[in-house]
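Student: Per Swiss-Prot, the feature signal peptide maps to 1-20; the stated evidence is sequence analysis. Annotation source Swiss-Prot lists domain 'Ig-like' at 21-112. According to Swiss-Prot, the feature N-linked glycosylation site maps to Asn41, an assignment based on sequence analysis. According to Swiss-Prot, the disulfide bond annotation covers Cys42-Cys109.
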Amino acid sequence: MNSSPGPAIALFLMFGGINGDSVVQTEGQVLPSEGDSLIVNCSYETTQYPSLFWYVQYPGEGPQLHLKAMKANDKGRNKGFEAMYRKETTSFHLEKDSVQESDSAVYFCALS
């Protein structure tokens, strides 16, 4: 029996911040196979208590809010993705247990 690997999912990663605050996330192109789990790191530096966001831009579309967390220990969820606002580690990592071809997009982390 001849089986071929499933389609690759392309995730392009960007970041954003304001007023001297900064966000650092996984850079470049990530190519998981369909069904793979995914973690996209997002860490931030700020002197405030920020709200945290993940945005997504699908091919041929403008950016749109993917998920958000307004305070520590909030968990944003959307389309099988989730991200936990972890104040103690200043992180908001985007995770999904099983990526699909329809997840191919540009993802970026931001704070306000």
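In case you wondered, yes, glycine gets a Cβ from its N, Cα and C as well.
What you see is a predicted model, and the numbers here were worked out from it, not measured in a lab.
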Student: Mind checking how the domain 'Ig-like' (21-112) divides into helix, strand and coil residues in DSSP?
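Tutor: Helix, strand and coil residues of the domain 'Ig-like' (21-112) number 3 helix, 47 strand, 42 coil.
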Student: If you draw a 10 Å sphere on the Cβ of the residue listed as 'N-linked glycosylation site', how many other Cβ atoms land inside?
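Tutor: I get 15 for this one.
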Student: Using a 10 Å radius around each Cβ and all protein chains in view, which of these disulfide-bonded residues has the most neighbours: Cys42, Cys109?
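Tutor: Going through Cys42, Cys109 one by one, the largest Cβ count within 10 Å is at Cys109.
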Student: Can you tell me how far the Cα of Cys109 (disulfide bond) sits from the Cα of Asn41 (N-linked glycosylation site), in Å?
Tutor: 9
